[in-house]
Every structure is written in C-alpha cells, then in structure tokens.
Amino acid sequence: MDISFLVFITLSMALFSSNVTGTSVTSRVRRGINEKHCGFRPVITRIIGGGIATPHSWPWMVGIFKVNPHRFLCGGSIINKVSVVTAAHCLVTQFGNRQNYSIFVRVGAHDIDNSGTNYQVDKVIVHQGYKHHSHYYDIGLILLSKPVEYNDKIQPVCIPEFNKPHVNLNNIKVVITGWGVTGKATEKRNVLRELELPVVTNEQCNKSYQTLPFSKLNRGITNDMICAGFPEGGKDACQGDSGGPLMYQNPTTGRVKIVGVVSFGFECARPNFPGVYTRLSSYVNWLQEITFGQSLASLFEVVPIFIPE
C-alpha cells in the first residue's frame, strides 16, 4: 500500500529559492519597501500659509478611529497596501495597553466624518522601545486585514531609503497634514488641513525643551527626532494631528517622502517651542523587517504537497 506523507514547504525553505514569481528575495530586500509609484500626488497645489487642503491632494493620509466609543484618534500614512505608519502613542492606551482590535482605519477621506472607506485592523505593532510614559521610539505600524485599493484618492507615500544616512533637513520647508483642532471655534476640524513649516535644528529645539520639567523627555531631543515650527508660534500641529506625516516634497520630481511622524509638543503653537516629530529614517530598518516579513508571509504560504512513497 502506498502511503502519502504530508510535507510542508516552509518560509525557511523558500528563502533558499533564487527566484519567486520572477523576483529574487535578495533583490526585494535591497530594493526596500517603497512602491515604485509612491509619493505622487494626483492633485498638486501650492501651499500658501496653510489652511484647508485641496480634497485628496494627500492621498496616503488616513484617519484612525476608536471603535467603542466611536471617536477619531489620530492620523497615519499609507506606505503600502496593508501598512499604515503612525505614532506609537496613538496605538497604546494611557495604561500602556495596545489598542489592537479596538480601532479601525479610514482611507481616501477629505471630510473625515462624511467620506472615505473603512478598513479593519489585523494587527497593531508598537516599537519595542516605546514606553507610554516616555516620548522616545514613538512609532507604530498598523497592518490592515485586507489590502487597500489604489485610486486617485488612495496612494502610498514614500519613506526614506533603506540603509542610508540621515538627510540634513535644517532650513528645509516641510509639510504637515491632519484633522486636529485648530484653536478656532469657528473652524471645523473634520476636513483635512495642511501647513508648511520650517525645520528647526535639534540643538535649538533642545534648548527650548530643556527649560521644561519634562519627565517624558529625560534624554532631551535626540537624533531620532525632528523639530519644526515658527519661532513666533501661531501655527503648529495640535491635538488630533498625532501620528500624521511630516513630509518633504522634491521640487524637481514632485515626489513626496514622509520624513517624520507627529509625536509631541509643548501645548500648541507656543513661541520658541517647535513641534517634535519621530524621524522616519531612524526606523527604516524596523519598518523593513516588519513589512518585508508580511510580504514574505503572503508569498510563501504553507502549501501541503503529497509525495507517494
């Protein structure tokens, strides 16, 4: 009698394969996780002073919501079809517990309350160094339960290149977007807003924050952070903008790269206290490990093969 044995093809075996669906594993690692069409805006407008964004001009922008009670939490950015990068503090409760299945993501929205498509969350990943009583390692990743469908309202943003040094952003203009509060009772926060800001040196930023009794900032402003804001204050990210992108748009190609994630600040738009952002280039390897692992999981599913004896 022939006996069939069930043999499982595992991920470790697949990694020895030189080519999978025409693309080598090693070349995928070297190439990084940016999609080739990332960072292109279907609607390109000039930002003058900041205000309400042209609808769908930042198509990677997402809103993160709490399920029960239903309320808006934070912003985030699509970096591929199943991954949204945001701030760790958006994904952890005040008691240090992960939100996990108590949140969902809304993509393709301009009016965050009345437009867009909801996606369920498969997994929440918070950087292993993050502590809810600290501002360090403030980065997290949301993995969606199914891939988003790209269109003129939904696109991925580029992230910094894999295995490259920090880019000097001092004196560079960057852009933030979000549905956070504006401080003006007559202005709604349900429509996406945009603001161009100058980057502030970490040295100057640290001088300002060292004057505060910040228990969450015992190591000061580090190289894993970016500061941006006007010396006179008046315009800044605020409550509800957390987790959203700090972006740089290449003036030649028009391509947009997310360089930071809205993390924290001293109140909102205070003079000489710029907003502080998690520097994405410090965490590209971390993002690479997670997102590449997810792509491998989809490529190398466990497949049963029956071999007759």
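In case you wondered, yes, glycine gets a Cβ from its N, Cα and C as well.
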Can you dig through Swiss-Prot and tell me which residue of Asn19, Asn206 is labelled N-linked glycosylation site?
Asn206
Have a look at Swiss-Prot and say which candidate in Cys205, Cys238 forms the disulphide with Cys227.
Cys205
List the Cα distance (Å, whole number) between Cys227 (disulfide bond) and His89 (active site, charge relay system).
18
Would you mind ranking the disulfide-bonded residues Cys205, Cys238 by how many other Cβ atoms sit within 10 Å of each Cβ and giving me the lowest?
Cys238
Could you check which of the recorded positions Cys74, His89, Cys158, Cys205, Asn206 is the closest Cα neighbour of Cys238 (disulfide bond)?
Cys74
Fill in the CA-CA distance, Cys268 (disulfide bond) to Ser242 (active site, charge relay system), as an integer in Å.
12
